[in-house]
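TrEMBL annotations:
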{"type": "DOMAIN", "residues": "149-198", "note": "domain 'LRRCT'"}
{"type": "REPEAT", "residues": "201-243", "note": "repeat 'EAR'"}
{"type": "REPEAT", "residues": "247-289", "note": "repeat 'EAR'"}
{"type": "REPEAT", "residues": "293-340", "note": "repeat 'EAR'"}
{"type": "REPEAT", "residues": "342-391", "note": "repeat 'EAR'"}
{"type": "REPEAT", "residues": "395-438", "note": "repeat 'EAR'"}
{"type": "REPEAT", "residues": "440-482", "note": "repeat 'EAR'"}
{"type": "REPEAT", "residues": "486-528", "note": "repeat 'EAR'"}
{"type": "SIGNAL", "residues": "1-34", "note": "signal peptide"}
Amino acid sequence: MESESSRRMGNACIPLKRIAYFLCLFSVVLLTEGKKPAKPKCPAVCTCSKDNALCENARSIPRTVPPDVISLLFTSNSFDVISDDAFIGLPHLEYLFIENNNIKSISRHTFRGLKSLIHLSLANNNLQTLPKDIFKGLDSLTNVDLRGNAFNCDCKLKWLVEWLGHTNATVEDIYCEGPPEYKKRKINSLSPKDFDCIITEFAKSQDLPYQSLSIDTFSYLNDEYVVIAQPFTGKCIFLEWDHVEKTFRNYDNITGTSTVVCKPIVIDTQLYVIVAQLFGGSHIYKRDGFANKFIKIQDIEVLKIRKPNDIETFKIEDNWYFVVADSSKAGFTTIYKWNGNGFYSHQSLHAWYRDTDVEYLEIARPPLALRTPHLILSSSSQRPVIYQWSKATQLFTNQTDIPNMEDVYAVKHFSVKGDVYICLTRFIGDSKVMKWGGSSFQDIQRMPSRGSMVFQPLQINNYQYAILGSDYSFTQVYNWDAEKAKFVKFQELNVQAPRSFTHVSINKRNFLFASSFKGNTQIYKHVIVDLSA
């Protein structure tokens with residue numbers, strides 16, 4: 001039998017076993033609780049309750065705000081920049097007030113992840129702009145307060161005006177602090193049309209290692225080509241677009257002597273090239289599709305064309321013509337007409353005047369409302385002379401000259417909203433822009449020019465430019481200001497002794513070819529930049 005002492009000892013062990021069991025169980029509970037992540041504590045710069053947090057005198061946005069917070073207020077803090085994902089990990093946040101601080105910059109993705117956000121206030125800071133799409137993803141947003149900031153209403157803020165126009169959120173009235181023309185204007189009342197954010201420029205694209213005089217572009221068999229007259233090598237160089245390398249490359253050439261103009265003309269899908277030379281006579285070439293080369297088909301009469309300086313091609317009714325401006329003392333500026341087999345002399349305009357340029361244009365004279373063909377001849381010995389086409393005689397007749405414009409080297413025309421203008425180039429003195437007034441050209445604008453031999457207007461898409469070259473300084477590019485109805489300075493180009501500027505359009509790309517009598521021929525790409533993007 002079990003002794004009494006043994007039985008008592010066994011009963012005494014029962015409480016000890018229970019205590020050991022509870023101690024063991026408590027240890028397990030402690031271990032289990034220890035594995036659970038601790039809830040973030042309230043940052044030292046903040047005061048937190050169950051649902052709210054108030055942060056003051058912070059140097060940056062704290063990263064340990066309790067995740068269950070619903071309302072968060074930052075005020076009187078010293079940080080001035082808020083970076084991306086500053087409030088990540090706060091999925092329940094509905095009210096965010098960042099007020100009365102010195103915030104100067106907020107990143108585009110500052111508020112990323114705040115899908116529950118209802119009310120956002122950035123009032124009374126030092127913000128001048130906001131990054132585009134900063135409110136993207138805030139689908140629950142119903143109230144935005146941006147008051148008390150010094151917003152600069154430029155192209156960088158155009159997106160905000162667009163957003164204000166379609167958002168369903170209530171936005172308190174905010175005002176522009178700049179630029180001067182928008183100062184104190186209500187941003188909520190602005191329209192995207194109030195912002196002119198599209199700018200253009202001519203960016204250097206390619207250098208061609210040779211001098212040049214005239215440059216022309218033409219379409220032939222569904223392709224675009226460029227032909228360049230090289231005076232020193234005596235060649236007409238033809239270029240085509242390389243669709244792989246995205247550059248211009250050599251296509252073919254016509255070899256001659258002291259070539260000054262290579263003028264292409266396409267008649268009934270057949271390409272002809274009029275090659276004007278200072279020596280060795282001038283000629284007409286035809287593109288032979290079977291032989292895949294240029295073949296000379298005609299000489300231009302030497303007795304009339306002694307020193308060609310410019311060629312213009314034009315079509316009146318169904319007839320093709322070209323006119324050669326001759327700058328020699330004994331030459332004749334002469335019009336040639338296509339007769340189905342070749343070009344033959346049609347009319348000599350005048351002799352002994354040393355013409356330097358000829359321009360074909362169509363203008364209307366009262367009482368006629370329809371425009372009729374005209375030619376303007378520029379000469380070193382007289383003012384520019386205007387000739388008008390006579391339908392009865394099929395000839396040009398001398399009408400008048402342009403008064404007070406001596407020493408004009410060239411005249412080129414352009415149109416804006418149906419009005420006809422001309423750019424007159426002078427080597428010494430002021431070059432001019434003039435407008436056709438129905439019976440004469442009237443002064444619109446003067447450009448100081450020194451050593452200028454080209455003042456070329458050209459249109460690229462909806463942009464009207466005029467480029468004034470100079471042998472002694474930078475080339476000036478002007479852009480047409482529709483409100484002022486005149487040209488304004490736009491850009492400078494460094495071209496040595498420029499002689500022509502030509503717009504070439506290929507595959508929705510626009511290029512400016514600049515010929516140079518003393519340096520390389522240059523190609524610029526017309527670039528369009530959206531400042532609001």
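From the backbone N, Cα and C atoms, a Cβ is placed for every residue, glycine too.
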Query raised in the report: Taking DSSP states H, G and I as helix and E and B as strand, how many residues of the repeat 'EAR' (486-528) are helix, strand and coil?
Result: 0 helix, 33 strand, 10 coil
**Report entry** Average model confidence [pLDDT] within the domain 'LRRCT' (149-198)
**Finding:** 93
Query raised in the report: Relative to the repeat 'EAR' (342-391), which of 247-289, 440-482, 486-528 accounts for the most Cβ pairs at distances under 8 Å?
Result: 247-289
Report task. Sort out the residues at least 6 away from either end of the repeat 'EAR' (395-438), same chain, that have Cβ-Cβ distances under 8 Å to it, and list them. Result -> 310, 335, 347, 349-350, 356-357, 359, 361-366, 373-376, 378-380, 382-389, 444-459, 464, 466, 468, 480, 482, 485-487
Query raised in the report: What same-chain residues lie close to the repeat 'EAR' (440-482): Cβ under 8 Å, and 6 or more beyond its ends?
Result: 200, 202, 400, 402, 409-410, 412-414, 416, 421-434, 488-495, 497-503, 505, 510, 512, 514, 526
Query raised in the report: By DSSP, how many residues in the repeat 'EAR' (293-340) are helix, how many strand, and how many coil?
Result: 0 helix, 32 strand, 16 coil
